[in-house]
Amino acid sequence: MIHNDTVADAKANPDLEQPYHELGLKDDEYARIKELLGRRPTDAELAMYSVMWSEHCSYKSSKTHLRYFGETTTEEMKSKMLAGIGENAGVIDIGDGHAVTFKVESHNHPSYVEPYQGAATGVGGIVRDIMAMGARPVAVMDQLRFGPADLPDTQRVLPGVVAGVGGYGNSLGLPNIGGETVFDATYAGNPLVNALCVGTLKTEDLKLAFASGKGNRVILFGSRTGLDGIGGVSVLASDTFEEGAERKLPAVQVGDPFAEKVLIECCLDLYRANVVVGIQDLGGAGLSCATAELASAGDGGMHINLDNVHLRAEGMTAAEILSSESQERMCAVVEPENVDAFMEICRKWDVLASDIGCVTDGEHLVIEHCGEIVVDASAHTMAEEGPVYERPYERPAEQDELNEPRGVELPETSQEVRQQILDLAASPALCSREFITEQYDRYVRGNTVAAKDADAGVLRIDEETGRGIAVSTDASGRYARLDPRTGAQLALAEAYRNVSVTGATPVAVSNCLNFGSPEDPGVMWQFREAVHGLADGCKEMGIPVTGGNVSFYNQTGDTAILPTPVIAVLGTIDDCARRIPQQLPKQAGAEAGADESQEQYHLVLVGAETREELGGSIWQQVVHDELAGLPPQVDLSVEQRLGAFITDQRDKIVAAHDLSEGGLSQAVVELAIQSGRGMAVNPMLSQHESAVAQGRTLAQQAAVGLFSETASRVLLAVRSEDYGDLMRDLAETGLTGGWIGLTGVSDAAGQPVIRFGSGVYPVLPFGGEIELDPAKQHDDDFDIVISLDEAETAWKSTLPALFSHAAGNNSVI
């Protein structure tokens, strides 16, 4: 027999000791709950308040800083925003009746405990957020962070996470169109699994999360409610992983992607039938969150009967039903006259649905179970009146030492530079992610235009017009550790640039802010700086933050992760047929591996002048195993002008690739390998005077040109006949740019090679032929040659060697 702690019991036994500490509540928070209720809470009320007031649900440590996004968002920035911060996901009007919704969410802590299910349900949760906006989910992306690649625990976690992301997304029929995978010691024991979903809808189909209209019915539909995931996200995300703590953690949710696939189609049918007043997905905090948020956002209260909830387990108490985080569930508000039609559509899709209550007068959420009242509280106090902490923040004492300029030991010889190019390409930081991305279906549904080896994923959303979107997610914890404000703006700049190089126009931003414990003043300083940097950057660029997520307590014991603000940028493109590819085109009839039979192109570096900016760089990490100095400067006005120039010139640009981690060296290596073409590049050209210091050897100067990570730079491939016009147009923008190399370079045997040399100059004036000037070649020049085969082997071999035999999918419990 089920025994619930009822409201009557709470009044009759006011001094009953309750385990509020175990549920993550502090003494003052528990006292505040009793003050709001005028009595002690019931077990069910205590469960609801504990999850709704958790860090994950209430944003109690971050809310005071997140308000800055609203303060810096202008009316012009809001003009195309149909839904923003506070909704399940942001929605942007992109014209012609089309809208796009997108959001990034974290599922970090569950993915360490149970990598496969943690990652899978992270994808499922963000997909349901998109569904709840009235949209069809059309693509996913993932931002992953792990400990060192050769660490045994990484070899347990990574395969499970990748299998979970791929298994769930592939089963849903959603293409995975991009992301990032990063390795760093601070993520050992606390991986980051951030998932993005993007959806499309007609503007008139937008749905919001609110319960409105007295007498309207509340319908729970989808999978049954079970014991899996009780307290999962909401409690896990409010604690740190100390040694041995994983044994105490509650179960991670278990996902069923095929149930979610049916749920997607069911929801879309319900929207088409116009039988939904408001809708909310059940994610973190389960039915507690869905009912409290729906009621709080609406114009009334709510009466719920838990006896009508379809259960997977017998004997579940009210607190367990309300706290369950079982997946693939939604909660809708429906007018009484539409209930039959709603249920009929659910039966059509074989989706369980039950009428669990109604919208009432007032603001109270009343919940009954087994004929007894177990919850009687203001929904607003649960959803909106949680504690808001003004956590102390302070610049860490070690920050000055961390930022001190360090003398960099540059390579002395050409051979050292050559080896470092290969070392960077082969490093876990920069090597090919093909081992991971090949486990994802990138082209399901047939609308993926770019995903493999692309700076941004490009998706067609209208087959008649070719209209499309481009999405990129970026972050650099290394930059943010050195300067969180600049680090956040560099992530924004790179995501913006990645979208721009496809020929798309950036229009909106989402974010997922991953940090250590908010109880550490140094972490809160990092967080505040990153938020202000991102908000100020978005205001300067005129693109709004439409929503996001905060994940705190990402640390193992006292060791916090690198501050990791993940930034997603959404762009629109009027015709996907005109998008700019990242690879050179394959020429019909050209022989594989023979560059002489391929059309040649000029390589042009445009944007900012290359400066000596090696602080926080991948070169510093791989060659010197160090994190020190200052990150690159960022000028967002240059980024905007660069993006506008590329979009304007897209018909003259054959291929474009942004320069970011690894600098010019990695950009050329990737472009050459992905295009299957040889290339010759002069790293001395287009450098700022700071990068060509007096007294340095040619090898040292070349190293700065190759490995510096100066922001706002893009490598373009241009036909000879378009070069002059493009350069004249570039001069009018005030941007720096110039010839830096050419494609179609091979060795004496005709095999493609990558050549970096100070003697690489074109024959002038530019004519129909693209060739190097032999008069510029000297014996004492800096000159190195790497065969394309050698570069490709270095770039592609690392992850398979590390992970192809890893066990994966293992739980620590």
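Including glycine, each Cβ sits where the backbone N, Cα and C put it.
Lifted from Swiss-Prot, the feature list:
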- H56: active site (ACT_SITE)
- H107: active site, proton acceptor (ACT_SITE)
- Y59, K103, N511, G548: ATP binding site (BINDING)
- E105, N549: Mg(2+) 1 binding site (BINDING)
- S106, H107, N108, H109, R128, Q253, E325, S326, Q327, S551: substrate binding site (BINDING)
- D129, D281: Mg(2+) 2 binding site (BINDING)
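Everything Swiss-Prot records as a feature, shown here on the structure.
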| residue | record | DSSP (3 states) |
| --- | --- | --- |
| Y59 | ATP binding site | coil |
| K103 | ATP binding site | strand |
| R128 | substrate binding site | helix |
| E325 | substrate binding site | coil |
| G548 | ATP binding site | strand |
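Between the CA atoms of Q327 (substrate binding site) and D281 (Mg(2+) 2 binding site) there is a gap of 9 Å, rounded to the nearest whole number.
When the Cα atoms are compared, K103 (ATP binding site) and D129 (Mg(2+) 2 binding site) turn out to be 8 Å apart. Note on E105 (Mg(2+) 1 binding site): other Cβ atoms within 10 Å of its Cβ, all shown chains, come to 26. Within 10 Å of Y59 (ATP binding site), counting C-alpha to C-alpha distances, fall the following of the binding-site residues N108, R128, D281, E325, N549: N549. Once the Cα atoms of S106, H107, N108, H109, R128, Q253, E325, S326, Q327, S551, the listed binders of substrate, are compared pairwise, the greatest separation found is 21 Å. For the recorded site, N108 (substrate binding site), the DSSP three-state label reads helix. Here the CA atom of E105 (Mg(2+) 1 binding site) lies 14 Å from the CA atom of D281 (Mg(2+) 2 binding site). D129 (Mg(2+) 2 binding site) sits 9 Å from E105 (Mg(2+) 1 binding site), taking the Cα positions as reference. Candidate binding-site residues: R128, E325, N511. Nearest to N549 (Mg(2+) 1 binding site) by Cα distance: N511. Around E325 (substrate binding site), taking its Cβ as the centre, 32 other Cβ atoms fall within 10 Å, counting all chains. The C-beta environment of G548 (ATP binding site), restricted to residues of the same chain at least 6 apart in sequence and closer than 8 Å, consists of I85, K103, V104, S510, N511, C512, L513.
Minimal Cβ crowding within 10 Å, among the binding-site residues S106, N108, Q327, N511, N549, is found at N549. When the C-alpha distances from H107 (active site, proton acceptor) to the recorded positions H56, R128, E325 are tabulated, the minimum falls on H56. Between the CA atoms of S106 (substrate binding site) and H56 (active site) there is a gap of 10 Å, rounded to the nearest whole number. Put simply, the two farthest-apart Cα atoms among Y59, K103, N511, G548, the recorded binders of ATP, are 17 Å from each other.
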